[in-house]
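Visitor: Take this structure first; my questions come after.
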């Protein structure tokens, strides 16, 4: 066990030794048994519902319950003290009895435990501490009040003889900390130390009540020195598995679980718990085998009968009949907010610690704090989050201010508002303490040093007392009694002293120490400061070489003090890069002000490097060079500079530029001024639409990315909405698009995808067209009815599925039949379409005009051309538009000629082909070992931690494919890599934080299973039982290639003949994953509210998170499938995540409707096998999954299985 300041004492019990030797069994529910005890109101002394008073009035009843659980096989029972806390007993006006009732309850359990203890079977008592009814994080009560009440309760338990304290059903991390530290204080007072166990409660939403992910709970709890962590209450075992998996994989202490007997259902007697004793025992035995648990038991709805079955199952684990899983812990040193954990390691980058929430470093923050404008302070914190910070440095120290009051006000608010952990930065011990008492997550303390020594009254000792008690991480500055260390040797010497002191005397892990090697400005020109940059870099390198587990950090911006803002930005960025190369782990910095190294002009970068490394030479001083390069240059990224540039433009040019820039600030003022000079409709047609035209040109030339296009459309929409109330009624028709034309848009029947169609809607409607957006799954009948009713000029159809291309062809044929082809030109778009298919094949089918629109701006161009022709507007000969139209016509003529030539060649080749004999089976090896599945049938998984599967998110698919972040060609603008750093990853981090906080990502779920199967020719047969002669449940038929290797999916499953010969069938896994309906609803709300860029980004995240979850679960299946010798299928997995996207693992995952398995009807059979309605997924008549962010597949384990087409 890890030694910390909290647990370096000797325990007065052998409980932990017993836990290390075998799996132990806890008891079940107390409340359920009390309800069956036929107690009267007199038994409760009129305090109905106060179970703790029974410790005084009916100890006999409690003794009986404890005895039943022990006799059922429990090793430990919990005391009847769950509500012995200030809020519960305070509600009955008996808060003064906390210690007394805690002692009485413990004595009762102790008496029964001692009575039933034998030499072969010792019985133990856990002192139960519940959460109470008031949550300190939400300000219901104060931390110290809660902590002190828990101290009283723990003193009673120690007096009564408890073997350990169990802090259970924790809903608030700050309440949890109060209970743990209150218990530790009681042990110090009593002079008796016992272990402390913690059980957190994760709701069906996948987080604790206040939104904490399991990773946040672990990061906050483990450093407090607790001896075991686990889960209890709220759900049954099925909903707990993923959270247990996280604890098993990452906790360095024992893990336990006490689930409810399932989720309650409404029965004849009210709410009932459905899980039967054998079902609970089976689930817990599975957890022991999979997660290596140390303690299992039951919570609500469980009885002695449940515990009897559990004890029997655990006995089989302990005697080796059933294997107990081995835990392979991957420790990730982290800090946490209330909501999420942030690892110190942020490779390949560094941990960015936002510096703007600092009263000494930010004038704006300081003034807001002094004015008690806390909302502005919080907005600054949010800006740091959006800017890419991982932590927030919070400093309220300012002369003349009450730092404790300021810290309480800000830390208390940030606790619930910020998803980022907090670094508490103060020289005042009471201020640091106030922060720690308002933040339940694991904080960083900034900082300690030896400036006034390390004596008992030194600030070092006083600060470390807080660090050790609260389990915080700590920044340690290389300062000793002689002052700040400036040379490599001195920095390393002081760092060694700090590391040895903090680990040996305070029990803090090396991984929780952030050594600041200090940096000083190198911009003064003074000789003694010229080498300071080199000394810091070399000290970091040497320190990481000696102590790789120790974190390193820097207050980065000190290096550039004295330079102008733009020069500072460059020097800070270059210095950070050099420090990072030397091993720097984190930096206190304004993250959005750091430039990617490849975006800094070479001359500036070289001057900064020369300054850092003091490369002066005759006639060359890099400091002077850098100052000369930035003379009179202000920071190009500052808002103030951009506003000043806009202000210089003429009014109407400025309005158009605001559209191009997507800049809404100042828009209303400009529009008001513009309306004094021309009518609103003229402003729209002559100026705002000019801006949108420029946006289209920039997008078409690759100089503007799709997210910024949508930002421009948002501003256009806002401008039109602002002008509409000032228009004449007839002019308001612009809002309906009558000035330019009308299009009816729809996603075709059977297709639920609408992102592309909605982007077309956004671009067309903000360029003067009326768009009638019918939504998804629209039959042609409805499309044409609306087109006729609205007198549409054009019909637009979209679809993502391959099947949708067939539907589009059928729709065009129907339009021919109805005689409307000449009336309605048609625009077609969608991922499955190609230009060739539309302009050649479909153009032959349709009797009117049909056009392919690759994207929204091509759709706009086509609309302009169609409407110009309808209005009889001829293009001026020789004009750019006329020349472009002529070029398009020539290209179309060439394409059609090529198409006709290709068709003739294809017909000739087919006629010349000789018949090929297709074999019954391909050359795929049939004699491969079949892995053993962990179970047969299906299981559901809920409550998945977002952090578990975001590692499988394909960034390139998101940033390039979904968001359209494309670098500018020819070096005339940011590259794709630049955009990833400046836009992609910061926006992704922002959205993941925001969506997690809103609870939108809490509904991710999986249903998956393993099914016995054999192959017969081109069929895979799923069997009712894992026997070759078992009955058929379902049969899937797949096509076979007619040339080449003659592959068929059935070839990758063991044949029935071989299965019969070996008496062993094959295994066919199926999986279905979903992100749930809330993210789809959230996306829809963004579209309706005209938040176009947000709409694009969140939709893309939803799609790619679904794919990430599918990839993650596919890996889980490979981990669970084991071959002889206990070798898992995942042993062949690649190390790099990127290789997963290149299928760099064994086997493959196939989805019906694509490639080698084109029959989408087979999805019905898979749905019947998996029953995904249990996780909220249904299938439509068109065989589409709902919610949209869902995907399904079957998995082939065969090593030769790869994707192929038929």
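For all residues, glycine too, the Cβ spot is worked out from N, Cα and C.
Annotated domain 'Hcy-binding' per Swiss-Prot: 1-314, in sequence order, evidence recorded as sequence analysis. According to Swiss-Prot, the feature Zn(2+) binding site maps to 233, 299, 300. According to Swiss-Prot, the domain 'Pterin-binding' annotation covers 350-609, on the basis of sequence analysis. For 642-735, the entry in Swiss-Prot reads domain 'B12-binding N-terminal', with the evidence type sequence analysis. For 740-877, the entry in Swiss-Prot reads domain 'B12-binding'. Residues annotated as methylcob(III)alamin binding site in Swiss-Prot, with similarity to another entry given as evidence: 750, 751, 752, 753, 754, 798, 856. As annotated by Swiss-Prot, region 'Disordered' applies to 873-925. Taken from Swiss-Prot, the feature compositional bias 'Basic and acidic residues' applies to 886-897, 910-924. According to Swiss-Prot, the compositional bias 'Basic residues' annotation covers 898-907. Residues or ranges marked as domain 'AdoMet activation' in Swiss-Prot: 907-1206. The S-adenosyl-L-methionine binding site annotation in Swiss-Prot covers 954, 1149, 1203, 1204, and the record cites similarity to another entry as its basis.
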Visitor: I'd like to know which of the binding-site residues 233, 299, 300, 752, 856 has the most other Cβ atoms within 10 Å of its Cβ.
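Guide: Most Cβ neighbours within 10 Å: 299.
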Visitor: Which has the fewest other Cβ atoms within 10 Å: 1203, 1204, the binding-site residues listed?
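Guide: Taking 1203, 1204 as the binding-site residues, the minimal 10 Å Cβ count falls on 1203.
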Visitor: At a 10 A cut-off on CB-CB distances, which of the binding-site residues 750, 754 has the highest count?
Guide: 754
Visitor: Per DSSP, to which secondary structure element type does residue 753 (methylcob(III)alamin binding site) belong, with helix, strand and coil as the options?
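Guide: DSSP assigns residue 753 (methylcob(III)alamin binding site) to coil.
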Visitor: So among 233, 299, 300, 954, 1203, all listed as binding-site residues, which is physically nearest to residue 753 (methylcob(III)alamin binding site)? Use the C-alpha atoms.
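Guide: Looking at Cα distances from residue 753 (methylcob(III)alamin binding site), the smallest one goes to 954.
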Visitor: Within the domain 'B12-binding N-terminal' (642-735), count helix residues (DSSP H, G, I), strand residues (E, B) and coil residues, in that order.
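Guide: Computed counts for the domain 'B12-binding N-terminal' (642-735) are 73 helix, 0 strand, 21 coil.
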Visitor: Tell me the Cα distance separating residue 1204 (S-adenosyl-L-methionine binding site) from residue 856 (methylcob(III)alamin binding site), rounded to the nearest angstrom.
Guide: 32
Visitor: Looking only at DSSP and grouping its letters into three states, which state does residue 1149 (S-adenosyl-L-methionine binding site) belong to?
Guide: strand
Visitor: Tally of helix, strand and coil residues over the domain 'B12-binding' (740-877) according to DSSP?
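Guide: Taking the domain 'B12-binding' (740-877) as a whole: 63 helix, 24 strand, 51 coil.
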Visitor: Got a sec? Which of these binding-site residues, 751, 954, has the most Cβ atoms within 10 Å?
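Guide: Comparing the binding-site residues 751, 954, the most crowded Cβ belongs to 751.
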Visitor: Might you list, by sequence position, any residue in that chain lying six or more from residue 798 (methylcob(III)alamin binding site) with a Cβ less than 8 Å away from its Cβ?
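Guide: Once residues fewer than 6 apart are set aside, residue 798 (methylcob(III)alamin binding site) is near 745, 746, 747, 748, 751, 753, 754, 756, 757, 760, 828, 829, 830.
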Visitor: Can you check what DSSP calls residue 300 (Zn(2+) binding site), collapsed to helix, strand or coil?
Guide: coil
Visitor: Given residue 954 (S-adenosyl-L-methionine binding site) and residue 299 (Zn(2+) binding site), what distance in Å do their CA atoms have, once rounded to a whole number?
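Guide: Cα to Cα, residue 954 (S-adenosyl-L-methionine binding site) and residue 299 (Zn(2+) binding site) are separated by 40 Å.
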Visitor: Return the maximum Cα to Cα distance in Å (whole number) over the record's S-adenosyl-L-methionine-binding residues: 954, 1149, 1203, 1204.
Guide: 22
Visitor: Can you grab the distance from residue 1204 (S-adenosyl-L-methionine binding site) over to residue 750 (methylcob(III)alamin binding site)? Cα atoms, rounded to a whole Å.
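Guide: Taking the Cα atoms only, residue 1204 (S-adenosyl-L-methionine binding site) lies 26 Å from residue 750 (methylcob(III)alamin binding site).
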